[in-house]
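**Q** Mind having a look at this structure? Questions to follow.
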Amino acid sequence: MSLKDKTQSLFAEKFGYPATHVIQAPGRVNLIGEHTDYNDGFVLPCAIDYQTVISCAARNDRMIRVIAADYDNQLDEFSLDAPIVTHDSQQWSNYVRGVVKHLQKRDRNFGGVDMVISGNVPQGAGLSSSASLEVAVGTVLQQLYHLPLDGTQIALNGQEAENQFVGCNCGIMDQLISALGKKDHALLIDCRSLGSKAVSMPEGVAVIIINSNFKRTLVGSEYNTRRQQCETGARFFQQPALRDVTLAQFNAVANELDPLVAKRVRHVLTENARTVEAADALEKGDLQRMGKLMAESHASMRDDFEITVPQIDTLVEIVKAAIGDKGGVRMTGGGFGGCVVALVPDNLVEAVQQAVASQYEARTGIKETFYVCKPSQGAGRA
């Protein structure tokens, strides 16, 4: 049963009347541009065909009622006329509450809603299940009440909810690509201006995501450390962000910087340049050049930013050996585990899957999870 059918039938069963709208917002994978977002740089993600789906209808009062189909049909109810506070025990509720609370600051012209939510974005894999939920909820309110908000504002609202209400520090990329993704395209996003450019993906190329299933433990603490190191670097150059530092400026004084900070800065500067070049390579269908840039990105994350783990490096090695120079592979996401992303010609997908299945578990003791995705449309009617 599709997520649309599942949420519609549960809506009718639990609320006793049919939903009027079904909204979806996708998860995402970042093809290249890692840890550049909070440095005001560039990222190149695409939305994927795994999403959060919400069947919904407007109410004629000020109550919000939400059922989470994936959490044993747990119910959350709250009023728009009372202060919206965090839920003690249902973490999923806080993403919904946060989006609604922050939307009230942007536009108060909406009333109550009934919602049933279900999704298939793998959780904890770094594929942005939370951003997908935030953007879906924002889109529900925008569609039901015809709010004058565009995708960028819905994305910013989701980011605010996650940063300030849920209490998790994140850049804007995840919400923006979920809101603005375009079918068969990646999106080159400028994280300073929030401007974006759709970049067509070459035909006959699959986006493969492989979850290492290595349990990420360091990701929170190390993420914050990396951010601080980048801020230290920007201060050294007396610039608001590393986006404003050129590689030539860096090379001229690299030896004056703390050696660790210098490595972090070098990653961000080279990664930004790679990301802009990668958009050009994709647009021209140059998979060989894209593969080279992805390999350089991975090496930079491993050696300069130091955010990979042996299991991830092993996975990248296995995939690289299977595709040669016919595609690209790198770690994607915050680091310390999570997933690798590969761009692979359709006719090599099976070979990659077989190589990983026969070698990864044998070498690491962990079984991977394999997803073949298509670049998909951003949030809207399902």
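Here the Cβ of each residue, glycine as well, is placed from N, Cα and C on the backbone.
Note that this is a predicted model, so its numbers are computed, not measured.
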**Q** Kindly point out which candidate in TYR145, TYR223, TYR360 is recorded by TrEMBL as part of the substrate site with GLU34, HIS35, THR36, ASP37.
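**A** Of TYR145, TYR223, TYR360, TYR223 joins GLU34, HIS35, THR36, ASP37 in the substrate site that TrEMBL records.
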**Q** Look up ARG28 (site 'Transition state stabilizer') in the DSSP assignment and report helix, strand or coil.
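**A** In the DSSP reduction, ARG28 (site 'Transition state stabilizer') maps to strand.
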**Q** Looking only at the domain 'Galactokinase N-terminal' (10-57), how are its residues distributed among DSSP helix, strand and coil?
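**A** Counting residues per DSSP class in the domain 'Galactokinase N-terminal' (10-57), I get 9 helix, 28 strand, 11 coil.
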